[in-house]
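Copied over from TrEMBL:
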type     : residues                        : note
ACT_SITE : H209                            : active site, nucleophile
BINDING  : W107, E117, D137, K139, 200-211 : substrate binding site
Amino acid sequence: QVTGPSGEGTDAIVILEKTPFQEEKVSDLLKKHTKLELQMHNDIYSTYHLYPPPELSEIKTTVVYPATEKHLQKYLRQETHLIRETWEDYKNITLPFIQSQSFSIQWVYNILEKKAETDRIIHENPDPRDGFVLVPDFKWNQNQLDDLYLIALVHRREVKSLRDLTAEHLPLLRNILQEGKEAVAKRFGVPGSQLRIYLHYQPSYYHLHVHFTALGYDAPGSSVERAHLLADVIDNLAMDSMYYQKRALTFALRADELLLKKFQEAGR
């Protein structure tokens, strides 16, 4: 908790992440300014505790303040359960739940309206119907390409998730796939064949967005029960405009999530 000016405590979340090693700095880690403590030696094998100098000890720190109960639950370690959601389940359970909650996405609108993070925009297609903004994700500090992570945020505000997509949205999705790959290749030198481009279901916030991550990076949420490759989504919609209004979708929910309780109450 953080104590505010009034003396009342307000919840905050602090996320500490060790950034990936950068190849060009490995040699610096082994020079004389680094402290090494021998832990074990056996024949040709040795293990050490290594204490690098401060300039090589970066820890990426993300602060969410003030943090809502939803934020707190998101970062607590929980057991998870798989849900198989039919279209009827979506209409009768998931959609009413989404509509009953106050999930703030003002930060998304701030980016789209150029009120925040303007200097971070990598690419924009300004078309209000088929356009999007591509920005680095908060999880990526842009110091190395090993954990490259960007997000494409669509300008259209009525599209919440994968469930809303039909063939009408194919021009938008194709723009994101093609222009996004070109922008990443131009800015960062990473070809499209080394990118994982996908949507989440369930998403962490209900404004359609697409994830761009380095293929070699085991990004959070890139597992099969949550990630849907954008190229596959495009092909599915090209075959059947109502594909995502017909098929069942699987996703994981943490034990104390309200949506899981709704499914359990419905006997699902």
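Backbone N, Cα and C define each Cβ position, glycine as well.
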Densest Cβ neighbourhood among W107, Y206 (binding-site residues), 10 Å radius: Y206
Of Q202, S204 (the binding-site residues), the residue whose Cβ has the fewest other Cβ atoms within 10 Å: S204
Which of L208, V210, all binding-site residues, has a Cβ with the fewest other Cβ atoms inside 10 Å: V210
Candidate binding-site residues W107, H200, Q202, pick with smallest Cα gap to H209 (active site, nucleophile): H200
Number of other Cβ atoms within 10 Å of the Cβ of H200 (substrate binding site) across all protein chains: 19
Intrachain C-beta neighbours of D137 (substrate binding site), sequence separation six or more, cut-off 8 angstroms: Y149, L150, I151, H211
